[in-house]
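Have a look at the structure below before the remarks.
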Amino acid sequence: MLTQRLLLSDRGGMLVLGLVLLTTIIVPILNLAVPTDSPLYVSNFTVGLLGKFLCFALLALSVDLIWGYAGILSLGHGAFFSLGGYAMGMYLMRQIGDRGVYGHPELMDFMVVLNWESLPWYWQGFDMFWFAMLMVLLVPGLLALVFGWLAFRSRVTGVYFAIITQALTYALMLAFFRNEMGFGGNNGLNDFKEILGFDLAAKTTRVGLFVASSIALILGYMACRYIVTSRMGRVIIAIRDAESRTRFSGYQVESYKLWLFVFSAMLAAVAGALYVPQVGIINPGEFSPLNSIEMVVWVATGGRGTLFGAIVGAFSVNYAKTFFTTFSPETWLFILGGLFVLVTLLLPKGIVGLFDRFSRKGDKQ
Amino acid sequence: MNPLEQLRETWRRDQVFDFVQPAPDFSARVDTTHGPILYVEDVSVSFDGFKALNNLNLYIDDGELRCIIGPNGAGKTTMMDVITGKTRPDTGSVWFGQRMNLLKLSEHEIARGGIGRKFQKPTIFEALSVFENLELATASNKHVWYTLNKSLTGEQLDRIDEVLKLIGLKEQFRMEAGALSHGQKQWLEIGMLLMQNPRVLLVDEPVAGMTGEEVEHTAELLTSLAGRHSVIVVEHDMAFVRSIARKVTVLHQGSVLAEGSMDQVQNDPRVVEVYLGE
Amino acid sequence: MNSICRLTPRHAVQQWLTRLLLLCVCSLPLHASAQEAEPAPAQPTFDELVSQLATGNLRQRAATVEQLATHQDERLADILNALVAGDLLASKDKPPVIAIRSGDQLTNALDGSDLTGAAGLRRIPVNNSLRTQLRGMVAQLNLTHPNSDKRYDAVQRFIRDGVDGETAALLRERQPTEGSGRVSDAIDAALALFDLQTGDRDQRMAAIDTLSGSLEQEARNALRSVAENDEDAELRSAAAKAIESIQGRIEFYRFIENVFFGLSLGSILLLAAIGLAITFGVMGVINMAHGELIMIGAYTTWGIQVLFPDLIEWSLLIAIPAAFLITALVGIAIERGVIRFLYGRPLETLLATFGLSLVLQQAVRTLFSPLNRSVTSPEWISGTLSINPVLSITYTRLYILLFGLAVFFALLLVMKRTTLGLKVRAVSQNRAMARAVGVRSNWIDALTFGLGSGIAGVAGVALSQITNVGPNLGQAYIIDSFMVVVFGGVGNLWGTLVSAMSLGLINNFLEPWAGAMLAKVLVLIMLILFIQKKPKGLFPQKGRAAAD
């Protein structure tokens with residue numbers, strides 16, 4: 001019954017998930033077991049890149065869930081992603097121990113530079129993995145809860161919500177740029193050594209993180225799918241299409257929006273937490289409003305309102321980004337900007353919608 | 001109220017705080033021991049100096065079918081907004097039965113309490129199927145967790161089936177609601193109201209855009225509902241009103257101009273002046 | 001033309017002076033030939049005397065200086081000042097070239113031409129007695145200078161350098177004839193400072209009284225030393241009281257200064273946001289490329305300065321209409337090309353215009369450079385207006401404040417008094433109805449958007465004077481601008497004004513104790529909370545239409 005609901009009725013999703021699963025199995029083998037001079041060898045760089053894309057796909061899922069399904073455009077999802085990333089970064093920093101440049105047993109290098117005497121209270125506990133993981137979920141979740149509660153209760157919707165979420169991530173960016181905040185200021189957190197005792201530079205650790213990201217994406221997809229196929233999912237779509245009708249049908253619209261927003265924020269945070277050990281750095285630039293709006297474009301390009309569309313969008317846009325920023329960095333912003341315009345004007349349902357249209361045409365013939 | 005008075009209010013020994021009182025019990029029957037089910041008393045609403053409602057008084061009896069007519073701008077829609085909690089009045093009180101103060105409840109609480117509303121423009125969930133539309137409207141636990149984990153009971157599914165038959169959309173139950181015709185959408189919305197199983201139905205212009213046959217059908221349905229539910233119909237179509245009305249209220253400039261049977265109202269010189277005079 | 005003249009009084013004066021000077025220079029040879037024809041006059045001309053400074057011994061030089069003093073010439077004060085400071089140089093030619101040095105710059109003392117880099121110039125030597133003589137003369141000259149600013153500066157210099165008996169006498173002599181209140185007050189303060197050191201007890205008491213009204217740093221120092229060290233207890237307490245009253249006034253002026261800075265920041269926000277108030281507030285279009293339109297306006301200013309390097313002084317005045325036109329055209333192109341397909345879909349509009357903003361940024365980066373461009377400030381906009389020793393206002397900020405208000409009221413007038421404004425409001429309220437009564441709504445949409453964009457361009461001209469002109473200029477302002485519009489209440493121009501000014505003030509008053517970055521964060525958080533409380537802003541639109 002549940003498998004029917006989650007998988008079988010979702011052909012596009014099955015296909016995309018199948019591909020993800022396939023890469024998850026093949027890529028580690030090709031990276032670890034195949035000799036480096038073989039044409040089949042997958043380089044460490046590619047593994048890292050794919051791992052990054054998987055995190056982005058999870059992030060795109062979270063954006064699609066509230067934008068595509070509930071019609072709430074958040075331009076601040078980068079904030080939740082980054083907060084998750086910072087929580088993970090703090091754990092990784094604590095793991096450095098006395099191997100920092102200044103060799104202080106407890107303080108981070110940047111704290112030594114600032115002449116701090118002791119570890120600030122909010123850095124306590126992050127040496128424990130479970131605690132850090134709890135914070136990965138709790139901090140962004142709480143922020144989303146408070147922020148969403150305030151916003152939805154006052155019925156801040158549409159563009160207003162978009163603008164204040166953008167202001168939120170902008171404010172956080174400015175705050176994290178400050179050295180006094182105790183998160184490394186401009187440089188952020190970097191120079192990580194190991195995670196759970198595994199060397200971050202080691203090949204196997206990287207592959208492990210890649211697989212972890214992949215599993216997170218699959219689980220995240222299932223969770224989202226569970227939500228959108230439940231009655232709650234239909235209420236959410238109802239809110240998107242006719243909010244007042246939903247309200248007069250007896251649903252407390254605000255709490256639906258709120259819990260979905262909180263869940264989505266946590267999903268984004270998990271993506272951030274997986275992203276940071278793979279790229280080895282988190283800095284305030286991740287909070288920049290541009291990042292948050294880029295995520296929305298992944299979803300728009302892939303096709304909003306379909307969960308696998310978000311994954312397709314995240315992969316294709318980021319692949320294009322990698323391609324163009326390597327071969328012709330100048331043109332990338334032109335292409336990204338053009339993509340924004342094109343998708344909104346010509347492809348409101350994204351790539352997935354395009355396929356749909358073709359396949360439907362095919363059916364008729 | 002200044003802070004001192006607020007404090008004094010708190011000290012009063014006979015004071016019963018809201019949080020001690022039990023939450024409004026929606027499942028219990030609305031207390032209608034004194035006759036009317038809906039009391040609208042001295043309600044005024046103004047937008048930027050324009051008085052949309054002006055000391056409006058209206059009592060609806062349990063099981064009554066009431067038609068409300070009035071020229072444009074008479075305050076019909078605003079009145080519905082006030083009853084359903086969308087607009088808060090500047091003054092006045094609105095009670096549902098003896099115990100439920102509607103001015104203290106939010107829209108969804110009022111809806112759960114047993115007041116259903118049909119909008120002027122048919123509003124349904126266009127991206128969902130006809131069945132899903134009715135499913136969402138079904139009277140059941142509407143909290144987030146419940147809707148996430150539980151599906152409908154067999155009883156509720158039977159009820160949906162019943163309503164599908166009643167509104168004549170049995171064949172189309174898998175169809176996306178957005179693809180229905182205008183009349184069918186009106187019907188679907190009425191069906192959704194029925195799924196809510198409300199005590200009071202507020203129906204705003206139910207026959208706008210319907211064919212003659214559909215109008216007749218609607219009139220039949222609404223009359224059959226009266227008795228079990230109280231029905232308030234706002235309508236412009238006089239022929240339709242005549243065909244269903246037992247008691248008619250005429251609104252004009254935000255207050256009641258006349259009330260009575262259709263014949264009484266039509267012969268009232270003031271009503272004639274409002275409709276024809278200008 | 002008239003309005004331009006009114007806008008640049010300093011500029012006009014300068015032009016006039018330059019022309020006068022050129023006239024002098026041109027007429028020099030004529031003078032020479034006239035002298036040849038007539039018998040040598042008993043009185044040498046000013047120019048000849050200046051040339052004589054370079055020759056002869058010190059005694060002869062003193063005599064020349066005496067003679068120079070009898071001439072009423074604009075250039076005299078500068079030349080003597082330079083001579084005292086050892087900044088007057090001469091070449092060995094006959095007649096010698098006389099130059100004034102200030103920093104690395106050399107200017108011809110007589111015709112004002114630029115001599116920077118010229119070789120063979122040597123300092124004209126002076127000795128101590130000559131220096132004393134010169135100082136007195138310069139002081140006298142400055143004190144009787146027709147320009148009250150020059151006189152004020154002269155008195156200020158005395159106060160800074162310390163007043164001795166000689167200058168006190170000079171000042172006493174000048175005091176009764178001084179016409180300007182400001183200069184007269186300064187002279188009072190200078191004399192009081194002198195009295196405080198040298199006078200008897202009554203004089204000192206009176207001096208303390210006088211100084212309690214002065215805001216000079218020196219007055220405070222003198223009073224403080226009296227309050228701390230003087231033997232007379234009464235004088236000490238009087239001085240302490242005087243310091244207290246001065247502190248109170250300083251606080252007050254600091255407050256005024258803060259208010260002014262706040263308003264000036266507010267006017268920047270106003271300029272950035274007001275175009276948005278039109279496109280977002282009136283049309284309901286979210287234009288994320290608004291910041292880039294501001295940037296284009298700023299680049300227009302730069303372009304004008306590059307194209308017409310001779311017209312730096314006029315560049316801003318040329319740039320205002322140019323930027324308006326260019327950005328308005330870009331805006332209309334955006335509206336016709338993208339936005340008109342997206343009416344009624346605000347979120348899509350937001351995304352599409354954001355894409356455009358990326359394209360515009362990158363276009364500027366590719367066309368010009370990713371680096372900042374330097375925009376020169378014309379002279380009439382630079383400098384400070386010092387109202388008193390603790391309160392001074394930079395002209396840039398003052399002009400931007402005035403300019404922001406001018407743009408605001410001009411826009412208000414356009415919206416309220418012109419047919420275009422009427423049509424814009426009609427379309428924004430009920431498109432179908434407006435069309436029915438014959439308004440070409442498409443055309444109005446384009447024009448409105450053009451108007452909003454044009455104003456963004458004009459804002460860019462103003463911003464080019466205070467921030468770096470680079471491809472990221474616009475990004476820095478977009479969020480702030482949206483916050484201003486939303487805070488003020490969408491669709492309400494007055495609300496935009498009030499909100500811009502109050503945000504400017506709040507930000508400026510938070511800054512001293514929170515730091516610039518944190519102040520900004522706090523303001524943002526405050527705004528976010530405010531919008532939760534009042535989603536429709538400070539001045540919401542009410543009514544049935546607004547409720548839907």
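In case you wondered, yes, glycine gets a Cβ from its N, Cα and C as well.
Features of the protein shown, as given by TrEMBL:
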TRANSMEM  A:12-34  transmembrane segment
TRANSMEM  A:41-60  transmembrane segment
TRANSMEM  A:66-86  transmembrane segment
TRANSMEM  A:129-152  transmembrane segment
TRANSMEM  A:159-177  transmembrane segment
TRANSMEM  A:207-228  transmembrane segment
TRANSMEM  A:258-276  transmembrane segment
TRANSMEM  A:296-320  transmembrane segment
TRANSMEM  A:332-355  transmembrane segment
Task: Of A:12-34, A:41-60, A:66-86, A:129-152, A:207-228, whichever stretch has the most CB pairs under 8 A to the transmembrane segment (A:258-276) - done: A:66-86
TODO: For the transmembrane segment (A:296-320) and the transmembrane segment (A:12-34), check the count of CB pairs under 8 Å (sequence separation 6 or more) and say whether it reaches 3 or more.
DONE: yes
Open item on the list: Using Cβ atoms and a strict cutoff of less than 8 Å, what residues sit near the transmembrane segment (A:66-86) while being 6 or more residues removed from its termini?
Closed with: 59, 136-137, 139-140, 143-144, 157-159, 161-163, 165-169, 172, 176, 183, 189, 228, 233, 236-237, 239-241, 256-257, 260-261, 264-266, 268-273, 275-276, 282, 284, 286-289, 291-293, 295-296, 299, 304-306, 309-310
Task: Contact set, same chain, for the transmembrane segment (A:207-228): CB under 8 Å, 6 or more residues outside the stretch - done: 5-7, 10, 13, 17, 20-21, 23-24, 27-28, 31-32, 47-48, 50-51, 54-55, 57-58, 61-62, 64-65, 69, 195, 198, 236-237, 260, 263, 267, 270-271, 274, 277-278, 307-308, 311
